[in-house]
Amino acid sequence: MQAATETIVAIATAQGRGGVGIVRVSGPLAGQMAVAVSGRQLKARHAHYGPFLDAGGQVIDEGLSLYFPGPNSFTGEDVLELQGHGGPVVLDLLVQRCLELGARQARPGEFSERAFLNDKLDLAQAEAIADLIEASSEQAARNALRSLQGEFSRRVHALTEQLISLRIYVEAAIDFPEEEIDFLADGHVLGLLEKVRTELSTVQREASQGALLRDGMTVVIAGRPNAGKSSLLNALAGREAAIVTDIAGTTRDVLREHIHIDGMPLHVVDTAGLRDTEDHVEKIGVERALKAIGEADRVLLVVDATAPEAADPFSLWPEFLDQRPEPGKVTLIRNKADLSTESIGLEESADGHVTITLSARTGAGLELLREHLKACMGFEQTAESGFSARRRHLEALRLAGQALEHGHSQLIHNGAGELLAEDLRQAQQHLGEITGAFTPDDLLGRIFSSFCIGK
């Protein structure tokens, strides 16, 4: 536990007026401040109703005082909470009183940072506090709560323990060569390595789902000119975000619209129609469209259901096939069902391709698309599954997987125990970055500075 020399104070509730406002204090002076502000000795971990006093003994406000001696507190330090009325003037007066008594204004996220430094939370749990506050849907809030309760961290720790066991075995064999262990022939090493790689892939998949719920999914609408891409964007956005005409090539640049489906964030990107063109401006738009396709979480490939080429849309554009994400991230949209003989509906092929027939103009079938996008974002997860994750977590998991892949290759092709041991060490270090076991101070500063003041 790291003993703080400074006492910090901040308003812990949201800005503005409210029924209740909370001022939070943490540090070695919290106990003295409890007596000075309340005018009496407070019993630990009990709520005391009474006045909050200024330096002259005048009443600032009335409310509840709660004192939590460390280490049994949120930060691991002595903590004082003053719960009064939620007026900004009253709360500012309480903060000023604490500043007079020797505290300083807390930095954003400093309470959570102290909890992390005092081993009350690991880094993934601390980040989950901010994720829970910022959650834009019930599912995102549930995932953040599970991360705060340690679900993500437990999964990472389990992977780390498996890596440590494998490292001990491999490095012991290296240190005692007289045992003459053949790493390639030793099925124990290969079996453990395969097991940890499989479990890491599972965690990566669930973390990716959690990150989509937290950050939102980027959906790119792509297709031929005049397929109804801009009409689909407008239908999803619920407003005229894009210009719609019968003239092919109206959209020449990338248009971005941020929407919510049942509180779940969605970043929808409308792109220029994919076609060969001599128009310089339109050509730039097509290049940007292909770039957006390559960066998308999901691509909605829109085809005009009344056009002859709609029968086999995936064979139309080699450029799209080169730039698209993995096939499982492409949804085929057969638009203009109101002008064709096709029925509104959703079909899933044996190989997992989803096709939705709809009409962007009338809105028929649009609810099917919304439900499909929600499912792609993990909306159907139960309360007992899923956890919140961030982009930095995904990168750490990716690098850990890359190290294990390299180690596996070294083992299979070279039987190289020394190189495998180094790859295992690197994988463990990348996993440690998630929970804060191997996290640089500058990264910690950036993470906690993004928190609310008072958290």
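Glycine is no exception: its Cβ is also placed from the backbone N, Cα and C atoms.
Annotated features in Swiss-Prot:
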BINDING   Arg24, Glu81, Lys120, Lys455  (6S)-5-formyl-5,6,7,8-tetrahydrofolate binding site
DOMAIN    216-378  domain 'TrmE-type G'
BINDING   226-231, 245-251, 270-273, 335-338, 359-361  GTP binding site
BINDING   Asn226, Thr245, Ile247, Thr250  K(+) binding site
BINDING   Ser230, Thr251  Mg(2+) binding site
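Secondary structure at Arg24 ((6S)-5-formyl-5,6,7,8-tetrahydrofolate binding site), taken from DSSP and collapsed to helix, strand or coil, is strand.
Sorted by the number of other CB atoms within 10 A, the binding-site residues Arg24, Lys120, Lys229 start with Lys120, the lowest.
The two recorded residues Ser359 (GTP binding site) and Ser230 (Mg(2+) binding site) have their Cα atoms spaced 12 Å from each other. Ser230 (Mg(2+) binding site) is 50 Å away from Arg24 ((6S)-5-formyl-5,6,7,8-tetrahydrofolate binding site) when you measure Cα to Cα.
A sphere of 10 angstroms centred on the C-beta of Asn226 (GTP binding site) encloses 21 other C-beta atoms. For the pair Asn226 (GTP binding site) and Glu81 ((6S)-5-formyl-5,6,7,8-tetrahydrofolate binding site), the C-alpha distance works out to 61 angstrom.
Taking Glu81, Lys120, Lys336 as the binding-site residues under consideration, the smallest Cα distance to Ser230 (Mg(2+) binding site) is found for Lys336. According to DSSP, Glu81 ((6S)-5-formyl-5,6,7,8-tetrahydrofolate binding site) sits within a strand segment. Secondary structure from DSSP puts Lys336 (GTP binding site) in coil. Here the C-alpha separation of Lys336 (GTP binding site) and Glu81 ((6S)-5-formyl-5,6,7,8-tetrahydrofolate binding site) works out to 60 Å. Residue environment of Glu81 ((6S)-5-formyl-5,6,7,8-tetrahydrofolate binding site) contains 21 other Cβ atoms, counted within 10 Å of its Cβ in all protein chains. Here the C-alpha separation of Lys120 ((6S)-5-formyl-5,6,7,8-tetrahydrofolate binding site) and Lys229 (GTP binding site) works out to 50 Å.
Per-residue confidence over the domain 'TrmE-type G' (216-378) averages out at a pLDDT of 75. Taking the C-alpha positions, the distance from Glu81 ((6S)-5-formyl-5,6,7,8-tetrahydrofolate binding site) to Lys229 (GTP binding site) comes to 54 Å.
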